[in-house]
Amino acid sequence: MGRLVTKTPATLLVATLLLLAAAAAGASSYDYAGGFDKCLQFFEAQRSGKLPADHRVKWRGDSALTDGFSQGVDLVGGYYDSGDHVKFGFPMAYAVTMLSWGVLEFEKEMVAANNLQRALDAIRWGTSYFIKAHTEPNGLWVQVGDGDSDHLCWERAEDMSTPRTAFKIDTNHPGSDVAGETAAALAAAAKAFRPYDSMHADLLLLHAKQLFTFADTFRGRYDDSLQSAKKFYPSESGYQDELLWAAAWLYEATGDEEYLRYVSQNAEAFGGTGWSVLEFSWDNKYAGLQVLLSKVLFEGGAGAGAYADTLKQFQAKAEFFLCACLQKNNGHNIKLTPGGLLYVDDWNNMQYVSSSTFLLTVYADYLAVSRGALKCPDGEVKPAEIVRFAKSQVDYVLGKNPKGMSYMVGYGGYFPTHVHHRGASIPSVSGLKSIVGCMDGFDKYYNSKGADPNVLHGAIVGGPDANDGFVDDRCNYQHAEPTIAGNAPICGVFARLASEPADASDNSPTPAYSPPHDSASPSKGSPLELVHTVSNSWTTNGVEYYRHVVTAKNTCGHPITYLKLHIKELSGPIYGVSAAKEKDTYEFPAWLTRLGAGEQFTIVYIQGGPAAKISVVNYKTA
């Protein structure tokens with residue numbers, strides 16, 4: 001079940017490289033906000049169906065507009081999995097789960113990066129498809145297209161000529177793994193959407209609960225029911241991890257103790273407290289499950305106390321995985337390349353780097369809030385050290401590696417230009433109107449030595465081999481092909497790192513601030529130019545709500561190191577500032593300690609009725 005632990009002795013060289021990578025990461029100056037934006041652009045490039053007017057990937061067009069029609073169901077939409085045009089429901093659902101988890105953990109950072117809405121749009125594109133695919137309580141369409149026939153063609157999605165057969169699981173053909181993962185995706189998305197669109201969140205939860213009941217009642221592996229999936233996305237870890245994963249996410253989304261009880265009662269039998277793993281992926285959810293349930297323990301919710309002993313067992317397994325990433329697990333570590341990259345598998349290793357980096361980052365934040373540290377067999381690791389290691393992995397992806405290459409397409413000046421991706425390698429339909437057939441595509445474009453005519457911005461390719469080597473060749477699908485499952489976890493990490501002060505030496509929460517006596521007086525004029533806009537509105541239960549976006553630009557000519565705002569008539573949630581001790585007062589968020597001259601930050605709040613009134617009551621300049 002999954003990838004078993006093997007004992008790999010750590011060498012002095014590996015330890016030295018780890019320390020150097022962690023130290024160097026703190027001094028790097030990569031554009032993480034730009035990486036976050038590009039990461040989301042990749043999801044736009046992978047969209048199937050009728051594209052919206054605000055679609056940014058202009059070389060893409062509408063595609064697969066009749067998916068499911070021949071079988072009497074509307075399956076238009078969703079995401080293409082990778083460089084081909086099959087819609088595989090299992091990794092697609094995992095990608096949506098991870099995008100949603102990223103929003104839940106790094107929502108304020110995404111607001112600060114001005115891209116929260118695009119992250120929510122990426123999630124909604126997936127969840128809207130899942131709702132279509134869930135046509136009955138005990139049935140789910142889990143795949144459109146056949147991998148074998150699809151791989152015989154090298155053509156644009158807009159020209160697709162391969163069969164678009166759809167495949168379904170039901171009571172006679174169970175698929176607890178894919179149904180469970182889809183339930184997890186919908187539950188996580190419901191929680192992410194709750195502050196912005198409660199009606200949509202309710203709909204997602206309805207489907208999530210039905211899918212979980214279906215998955216649990218009619219148990220079985222989906223690749224036993226659908227042979228077409230076995231070759232491409234087999235469920236090697238079984239379905240028990242997805243049942244626990246789905247229940248954990250339903251608990252997160254609802255707070256209903258029934259789901260936590262389910263996790264506790266099945267923890268041992270389903271391997272949740274038994275498996276010590278060295279990977280987290282679209283197939284094997286145990287490490288993610290263990291970290292998610294550790295969060296329940298950290299937060300100490302109303303239902304956590306009764307299950308504390310079981311949750312501590314999950315936490316112990318979570319910390320096994322995290323210590324293995326950090327090379328402090330008594331020899332039971334995940335391998336590193338000579339350049340310091342986590343290395344799990346030769347085929348698309350970056351997906352494991354992406355998922356591991358996400359778990360490291362969120363766990364570091366959990367520890368920071370609780371003022372704790374990770375106690376590994378080979379030493380204690382503080383939250384700031386965990387973040388620095390996670391940053392070293394992200395920096396490797398963006399170009400701090402032996403080849404000096406960014407493995408994110410379109411980032412920096414040196415990145416893969418021969419990506420294993422049909423749409424990127426063939427001229428756009430907007431320029432080349434004639435159809436490119438199956439064999440023409442192979443002859444003219446797949447085998448071409450020319451660079452991709454379309455830049456697949458934000459795609460993270462499979463990455464280097466175990467020795468940091470990489471061949472930029474379209475035929476090199478193990479290393480040159482991106483996937484939505486590989487991109488999804490790291491998207492949120494980019495946003496998190498974009499908010500990290502460049503000189504941060506500690507990841508602990510910012511202590512309460514006592515304003516200095518020489519703070520500037522507001523009577524000397526406001527240091528901020530406030531621009532207020534309304535970016536969205538909707539009506540719920542007869543009340544019209546607005547999403548307000550306030551851009552605050554430093555116009556005083558000096559860096560602002562302390563700021564206190566007074567916000568009157570605020571009735572809804574607010575993001576991008578931290579509440580101060582005094583009523584209706586707010587300060588810089590924990591991740592922002594200095595606002596340079598001419599720089600700006602964003603405040604977002606949601607409420608019905610008139611806008612809130614924002615004024616500066618105190619500030620200090622450097």
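If you go along the chain as it appears here, the first residue is 1 and each next one adds 1.
Glycine is treated like the rest: Cβ placed from N, Cα and C.
Taken from TrEMBL as is:
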SIGNAL    1-29  signal peptide
ACT_SITE  His420  active site
ACT_SITE  Asp472  active site
ACT_SITE  Glu481  active site
REGION    502-527  region 'Disordered'
DOMAIN    528-608  domain 'Carbohydrate binding'
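Counting other CB atoms no more than 10 Å from each candidate's CB, the active-site residues Asp472, Glu481 peak at Glu481. Remark: secondary structure over the domain 'Carbohydrate binding' (528-608) totals 0 helix, 51 strand, 30 coil, with classes taken from DSSP. Cα-Cα distance from His420 (active site) to Glu481 (active site): 5 Å (rounded to the nearest whole number).
Reported as a whole number, the C-alpha separation between Asp472 (active site) and Glu481 (active site) equals 10 Å. Note on the domain 'Carbohydrate binding' (528-608): mean pLDDT across this stretch is 84. Neighbours of His420 (active site), defined as other CB atoms within 10 A of its CB across all chains, total 23.
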